[in-house]
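Here the structure is laid out as structure tokens; the discussion comes afterwards.
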Ligand code: ATP
Ligand code: MG
């Protein structure tokens, strides 16, 4: 049993979820390492949603509310940590969840699909083995990107995605919203909107933000989008980390 008084209690809870997902065949070995990299950056940003990330989450909500076919791409880490909130977001926006794995195996696809099925997600994509983006430059163990949903989508939400795959989506001309605690990663640098924050805080905040902006005028929502600049957002995220060191 974890001790609630432990100063790193929350962080330990998430570690347990990660370990459990690994044992349940949802998370690949490298997913555990990616989580550790995320923890480091979370420590540096103070393990809280900064005013700048809250603003970026609001911009992301506005994107979701103005696009015709957004899709929520999920991987092992996202499923390990926030599958319930992903299911809620998918229902709220009435958009599909698409399984996209860096290390794709039929077993992991099946295990992850079951998680979202059990949570009542209506449309789960990325389970068809034949339907992929042609990615000749993505070699090694890295899987291509599933396209059932992404091909038709005008907005792709990619939490914790790998840089090469993010670049591939960007090359297809898709608008990308990423969630990445590292503001310097290639994923962070190539996205339309980069939320530099922990996925465990982002999805609940995003749900609240969608509920708030749903009631706004289309012109106000568009203005929020137009005023946003991702380069500025990333620079602020980096400055916030530097401030912590000082
Ligand atoms: P890139 O491929 O984009 O250059 P990378 O190779 O450094 O980045 P990957 O291992 O491909 O990183 O992807 C994992 C990314 O997810 C890392 O940038 C890490 O900081 C981030 N990350 C890990 N856990 C979380 C989390 N809980 N919330 C948000 N981001 C996270
Ligand atoms: Mg990478």
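The backbone N, Cα and C atoms fix where each Cβ goes, and this holds for glycine too.
TrEMBL annotations:
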BINDING   15, 37, 180, 181, 182, 186, 187, 198, 199  ATP binding site
*So among the binding-site residues 182, 187, who's got the most Cβ atoms within 10 Å?*
187
*Which of 15, 180, 199 has the fewest nearby Cβ atoms, counting only those within 10 Å, among these binding-site residues?*
15
*List those of the binding-site residues 15, 182, 199 whose Cβ lies under 6 Å from any atom of ligand 1, in sequence order, or write none if there are none.*
182, 199
*By the DSSP assignment reduced to helix, strand and coil, which category contains residue 182 (ATP binding site)?*
coil
